[in-house]
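A.B. asks: What TrEMBL records for this protein is below:
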DOMAIN    61-122  domain 'CW-type'
DOMAIN    186-285  domain 'SWIRM'
BINDING   Ser304, Glu323, Ala324, Val507  FAD binding site
Amino acid sequence: CCGSGWTSRWSHLTLGEHYCNECFEHFYRSHKEGYKDYDLWKREWSQKARTEPGVAAFMVEQIMPYWVQCRAVGCGRWRQLSRGSNLTPEFIDTFVCGRTSLQSSVKKEKQDACTIPEDERVHYVRSPLWLIQNKYPPFLKKSPAAPFLSSYYPDGVGLSPTEEPEELSKEEKKKLCPYVVPFRKGDRPLHAFSMMPDMMLDKEIDMFPLIAQECPHLYLAIRNLILALWMLNPKEWVSKEKCMRHIICRGLTRVSCIEFLPQILSFLTYHNFINQGLVAPPCSLHCDTQVSTESVIVIGAGASGLAAAHLLHSHGIKVTVLEAKKKPGGRVWDHTCDIEVLSASGYLIKGCVNNPLALIAYQAGIDVEESSNTVLFNQLGEVVDEKVESRIHFHFNAILDIVSEWRKNKTPQEDLPLICKFKEFHEEFLRETQGYFSQEEEQIMNFHLGSLEYANGCNLSQLSSLHWDQNDDMPHFNGGQISVPQGFGSILSKLAEDLDIRYGYEVTDIDYRGPQVGVKANDEFLTADKVIVTLPLAVLKTSSVMFYPALPEAKMKAINSLGAGSVEKVVLQFHERFWSHKVKPGQTFGYLPATESQRGLYNIFYPGYCAETQRHTLSTYLVGKTLAKIVENPDEDIFADEEEVQDEDIVQDIMQVLRVIFPQEHIPKPEWTHLFMTHFGQDSHIGMAYTYVPVGADSSASDALAQDVEEKVFFAGEATNRQFPQTITGAYLSGVREARKIIDLLS
């Protein structure tokens, strides 16, 4: 090597890094001493890498010196190590200027080594020109991401192709959280909060356009490392310090990786890929800053309000939660004595992979149970043939797909109720195929239509055929469904810990005309820098809370255009699990409606267990046209000789359904003292179950509802989450979204 002397040719690697012609000759020429090393490297590279081997790649991956940053307080200067030095996480953690190895100490005469100026080449790295001229990935060594990316070309994901990844042991694999899967597997579609290890998402490209254009593999290497560290331990905040010790690569590329690390960490955190749930940032990220002096009022202690308040509180922001009811939870916690009953029996986490509620349960050590498929029973109490049910289910989905094709390029004026288009295409199918549906097949169809009404919270005659599945083009949660035996209350209580929640505070006025926002509740006037409104859509529609000045026209249009859906749940408790002979543990069971008029009436049952009362539970629901008939205009065919339907009437009707499903069983009377039925529609503080898109409305209304007003008043709740509507998870994520907006504004 000619060092800094004369050579006939310099080969460029990056801005500030080159190798001389003598080095090239030393490795490239077969008669030279270094050729053997280069040849062995080239053979190994060719077997594993996507790109062709060459001297330049060899220099970057094998020869360039390491750079490491001084950890001494007040220094932070980058130093180049000698060529023979090795780099380990332990050395990175403890390095100070003047140290040459992990075992060595700083010599007395080098105590002032931190005063030596930093190499000017480090400053080149901070220039956009450095990225433009750098054409090689970092080739990370010993990366924690390597075991998870073995099916990808290493150089395509920023890893070293010549280093064998250390496989996880069986014990290590068992310790992995099953609900954190950030990398897409195979050619499966992307699920929520997952990424392709070898490709940047559109939102990543938008955020980092230069690096996406010039050196995307550098970004991928850092991002994949961060995701892997989160995957390995989702109970601990992924910080810059935790990541940088695992960024081991040669050359100035390591300096660039560390420089970009905080931005990438912030991006992944903001978009809910890492640092979710109950983990809190290190105090160093928010202590002794202006953020901690700001204040926020959160209106509503439901899933979205608690999520927002928890995140703000964890970042050192003063938060006050105002809740009109005497308990937290909103539409989740709605029975003081039997929280576990409703939650365990009536709610499931559907799609548990990367689902923040499943993650919180894991972080808090809350037990969950896998829930298997639903077994269907007909009017004779017989199990419906799986092949028949599968065929009708396929037909049901196929008709919905036809509706999706029909609606392309349609205007809001051409919108029709979903049930109208469904029946139209179903009947057209029967005509063209000269097919015939038996009575049981029609009942199976009505069962699935009832499930669709339950999913949307309304009668299908109210649901838009253009926008009913407003999130269809967005990633959904993957994985099976799980239940929480302790109830969703156990999850929300973790979010509520250490929060200032004031119960019985009914908000009537929100005034955002001044520098601070004023909130009037129970004739008391409170002020804060920001306010997050998590009131249900039905409450916003009543204008029981007045805004000064009035909300913008676009916001009011969104509130008025979306529909407030109605679903009511009933929970019964029994001394014995009489359904065990036909229903396996973890299964739910369904009942085919006899006629279309009974669609949505106790068509599915969720078994559970209430630890508080030591009783077995069954919960079911009422939805759609059937619910309207019972609550507003009782149908004589459903409840004969009754002028007004009481909860007891509904229970008797449920018992009749259970006797049909289990004719051979002695069904005991339910525990009347523990009878529970929701009355969301009659609760002035709730008024609904969840949001739907009615005929003539636009799915963009959810996005408009989510927009803040003057960066002072923010809105959260399931109605504001278009990607995950009508779910507790969606409500939670909306609260996190608004909290992160405020954290960014106050930082």
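Every residue, even glycine, has its Cβ placed from backbone N, Cα and C.
TrEMBL annotations: computationally assigned, not manually curated.
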A.B. asks: Far apart in sequence but close in space: which same-chain residues, 6 or more away, have a Cβ under 8 Å from Ser304 (FAD binding site)?
C.D. replies: Thr534, Ala716, Gly717, Glu718, Ala731, Tyr732, Ser734, Gly735, Glu738
A.B. asks: List, in sequence order, the residues of the same chain other than Ser304, Glu323, Ala324, Val507 whose Cβ lies within 8 Å of the centroid of the Cβ atoms of the recorded FAD site.
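C.D. replies: In sequence order, the nearby non-listed residues are Val298, Ile299, Gly300, Ala301, Gly302, Gly305, Val321, Leu322, Lys325, Gly330, Tyr505, Thr534, Leu535, His685.
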A.B. asks: Under 8 Å between C-beta atoms and at least six apart in sequence, can you list the same-chain neighbours of Ala324 (FAD binding site), or say none if there are none?
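C.D. replies: Non-local contacts for Ala324 (FAD binding site): Gly300, Gly504, Tyr505, Glu506, Val507, His685.
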A.B. asks: List the same-chain residues at least 6 positions away in sequence whose Cβ sits under 8 Å from the Cβ of Glu323 (FAD binding site), in sequence order, or say none.
C.D. replies: Gly300, Ala301, Gly305, Ile501, Arg502, Tyr503, Gly504, Tyr505
A.B. asks: Using DSSP, what's the helix, strand and coil tally for the domain 'CW-type' (61-122)?
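C.D. replies: Summed by class, the stretch gives 18 helix, 6 strand, 38 coil.
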A.B. asks: Checking the spread of the FAD site as listed (Ser304, Glu323, Ala324, Val507): what is the longest Cα-Cα distance, in whole Å?
C.D. replies: 17
A.B. asks: Within the domain 'SWIRM' (186-285), how many residues are helix, strand or coil going by DSSP?
C.D. replies: 55 helix, 1 strand, 44 coil
A.B. asks: Mean pLDDT, the domain 'SWIRM' (186-285)?
C.D. replies: 93
